[in-house]
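*Asks:* Have a look at the structure that comes next, please.
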């Protein structure tokens, strides 16, 4: 009996020693091994949650569409039901954001940028459930939003959660795991690991602290999230447009013209986003009831729009291959483009939990395809393929709006598996970025972050002014 007790005690002592060794390793924040191990954990978690989010959104969409199919033969039921279902789903998202986690509204990417500079708080315990469930509601309603913004914010918050769980206290670990989660989130959303890395390095370059450990951690997290994504979804590109022909050298000037067009469109689009945000803010004034009802009305309209013109609703991933294949006329492409600009502004600027990457990619595809089809008529001697201009346009609007040309180029090439178009992509995206900068356009996410910080400072100043005199001394 004594032998059994001594054996049990010895086993317990060994377990406790192992736990203590692991705990001490994790608390040595500057140990590269500890941070890289945590980066792998963050990347794996982000990949799993990203896949779960994608499946959950698809499930909600299928349930909604299935309910509409059941009454498809009864128009007097179909139209009201389409409005009501989408309105209710959207209202869930708006309510959760406004009531429990206002920082979960919109794409969430500016929040991560602010957190990397220690200017915005990361409250993962409330952002994670609100962003996940709220995103299920708004994206499931058929609103013109993407899932990449939510997965980037979810990934960043998972990074902070892991940091808190393992009690890693250094500023370097806090910064590195937050950036790792954000990069892994973009990779998990688009199956684009290299774009996830470039997004952190390029788009978040003012906030990201370059050093050997942080770069290795970002690489590690992105690798793990990509592996998880491919285990569940396979290795095929998420946008199937087929293998397009190369762009002959004598046609490259046309891609520069396309870049110039997007260089003009990008700043205008950004300005419209900000103006629409101001319009919604004046309308609801922060009042939750008005905000939720407004969101329900927008969601319901998207539900109706999905019946009238399915291509004008939703994130746009289903629209991109159809448009790139040249199945629409130039006039119809421009009509859908204008319609989706309006719906993108309404959905994104209203503060719904959802991203703007996917809608921008769809807009770029529409305008790029229209340009390619028109160029094919004007220059028949070139034997142009409109799909190549669609691919170039996908990255160009993002480059002009977000001011991240490298990320736009690599993201589109990874998503479509058309790496042979890298030269026209570079020409188009570089032209769009340079002209947008020349015209005075500001990067969209940086501008949104600046407005958020200004609002935060104003609220803090008002709070300090209203506080009793004794509290300020």
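Even glycines carry a Cβ here, placed using N, Cα and C.
So Swiss-Prot has the following annotated:
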type	residues	note
MOTIF	106-110	motif 'Selectivity filter part_1'
MOTIF	355-359	motif 'Selectivity filter part_3'
SITE	203	site 'Mediates proton transfer from the protein to the inner aqueous phase'
TOPO_DOM	1-32	topological domain 'Cytoplasmic'
TOPO_DOM	70-76	topological domain 'Periplasmic'
TOPO_DOM	117-123	topological domain 'Cytoplasmic'
TOPO_DOM	167-176	topological domain 'Cytoplasmic'
TOPO_DOM	202-214	topological domain 'Cytoplasmic'
TOPO_DOM	233-252	topological domain 'Periplasmic'
TOPO_DOM	282-287	topological domain 'Cytoplasmic'
TOPO_DOM	310-329	topological domain 'Periplasmic'
TOPO_DOM	377-386	topological domain 'Periplasmic'
TOPO_DOM	439-473	topological domain 'Cytoplasmic'
TRANSMEM	33-69	transmembrane segment
TRANSMEM	77-100	transmembrane segment
TRANSMEM	124-141	transmembrane segment
TRANSMEM	148-166	transmembrane segment
TRANSMEM	215-232	transmembrane segment
TRANSMEM	253-281	transmembrane segment
TRANSMEM	288-309	transmembrane segment
TRANSMEM	330-349	transmembrane segment
TRANSMEM	355-376	transmembrane segment
TRANSMEM	422-438	transmembrane segment
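Walk me through where these features lie, including what they touch and how far apart they are.
*Replies:* Averaged across the motif 'Selectivity filter part_1' (106-110), pLDDT for the predicted model comes to 93.
Under 8 Å, Cβ to Cβ, and six or more positions away along its own chain, residue 203 (site 'Mediates proton transfer from the protein to the inner aqueous phase') finds 109, 402, 403, 404, 407, 443, 445. Annotation note: residue 203 (site 'Mediates proton transfer from the protein to the inner aqueous phase') sits in a helical segment as assigned by DSSP.
Residues of the same chain lying 6 or more positions beyond the ends of the topological domain 'Periplasmic' (70-76) include none with a Cβ under 8 Å from any Cβ of it.
Remote same-chain residues near the topological domain 'Periplasmic' (233-252) are listed as 51, 54, 190-191, 317, 320-321, 324-325, 379, 382, 384-385, 387-388, 390-391, 414-418, 420-421, 423-424, 427 (criterion: CB distance under 8 Å, separation of at least six residues from the stretch ends).
Broken down by DSSP into helix, strand and coil, the topological domain 'Cytoplasmic' (282-287) contains 3 helix, 0 strand, 3 coil.
Residues 244-245, 248, 250-251, 254, 324, 326, 369 of the same chain lie 6 or more positions beyond the ends of the topological domain 'Periplasmic' (377-386) yet place their CB under 8 Å from a CB of it.
Residues 106-107, 109-111, 113-114, 119-120, 203, 206, 263-264, 266-267, 270-271, 273-274, 277, 356, 400-404 of the same chain sit 6 or more residues outside the topological domain 'Cytoplasmic' (439-473) yet have a Cβ under 8 Å from a Cβ within it.
Taking Cβ pairs closer than 8 Å, the transmembrane segment (77-100) reaches residues 60, 64, 67-68, 71, 126, 130, 133-138, 140-143, 288, 291-304, 306-307, 350-354 in its own chain, all 6 or more past its ends.
Within its own chain, the transmembrane segment (124-141) is flanked in space by residues 49, 53, 56-57, 59-61, 63-64, 85-87, 89-94, 96-97, 100-101, 103-104, 108, 147, 150, 153-154, 157-158, 160-161, 164, 295, 299, 302-303, 315, 347, 352-354, which lie at least six positions past its ends and keep a Cβ under 8 Å from the stretch.
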*Asks:* Give me the stretch from 148-166, 215-232, 253-281, 330-349, 355-376 with the greatest number of Cβ pairs under 8 Å to the transmembrane segment (33-69).
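*Replies:* Highest pair count goes to 215-232.
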*Asks:* Mind checking which residues of the chain, 6+ beyond the ends of the transmembrane segment (148-166), have their Cβ under 8 Å from one of its Cβ atoms?
*Replies:* 26-27, 38, 41-42, 45-46, 49-50, 53, 104, 106-109, 111-112, 115, 122, 124-125, 127-128, 131-132, 135, 173-174, 177-186, 188-190, 221, 225, 353-358
*Asks:* Apart from its near flanks, which chain residues at least 6 from the ends of the transmembrane segment (215-232) lie with a Cβ under 8 angstroms of it?
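*Replies:* Same-chain residues near the transmembrane segment (215-232) but 6 or more away: 32, 35-36, 38-40, 42-44, 46-48, 50-51, 155, 159, 176-177, 179-181, 183-185, 187-188, 191, 193, 196-197, 200.
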*Asks:* Taking a Cβ cut-off under 8 Å, which residues six or more beyond the ends of the topological domain 'Periplasmic' (310-329) line up next to it in the same chain?
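*Replies:* Long-range Cβ neighbours of the topological domain 'Periplasmic' (310-329): 139, 142-147, 238-241, 302-303, 336, 339-340, 343, 358-359, 361-363, 365-366, 369, 373, 386-387, 390-391, 394.
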